[in-house]
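Here the structure is laid out as structure tokens; the discussion comes afterwards.
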Amino acid sequence: MTNIRKTHPLLKIINSSFVDLPAPSSLSSWWNFGSLLGVCLAVQILTGLFLAMHYTSDTATAFNSVTHICRDVNYGWLLRYLHANGASMFFICLYLHVGRGLYYGSYTYSETWNIGILLLFAVMATAFMGYVLP
């Protein structure tokens, strides 16, 4: 008797996409960090955009605007903490993503590896200019 998931027309499509997915055996949880980087980047952009709506960079009122965000804006404290901890999570995922590439020998694909290193340096320079210097 054949399995219904392999004979039914609709279930056959779902089975071939999710259950019997043709994936290499070396695919492990280390391969999730690329998509986690995308999620962290989206969270950083969205929370940064919403925080920038209420922040003033004037030296006399900057601290007051941060307290305004935390106290008066709906879930402003959550936006601030998501943005701060999201940056740390972004760099953790970034370093683990590069570490996975080193472990599996992705540096042999020189063009892809060099583009990734340029992106890594661009992210580090952006973080330095935006978070460390001010």
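Glycine too: its Cβ is placed from the backbone N, Cα and C atoms.
According to Swiss-Prot, the heme b b562 binding site annotation covers His83, on the basis of similarity to another entry. Feature annotation from Swiss-Prot assigns heme b b566 binding site to His97; the stated evidence is similarity to another entry. What Swiss-Prot records for 33-53, 77-98, 113-133 is transmembrane segment, and it gives similarity to another entry as the kind of evidence.
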Neighbour tally for the residue listed as 'heme b b566 binding site', based on other Cβ positions within 10 Å of its Cβ: 20
Integer Å distance between the CA atoms belonging to the residue listed as 'heme b b566 binding site' and the residue listed as 'heme b b562 binding site': 21
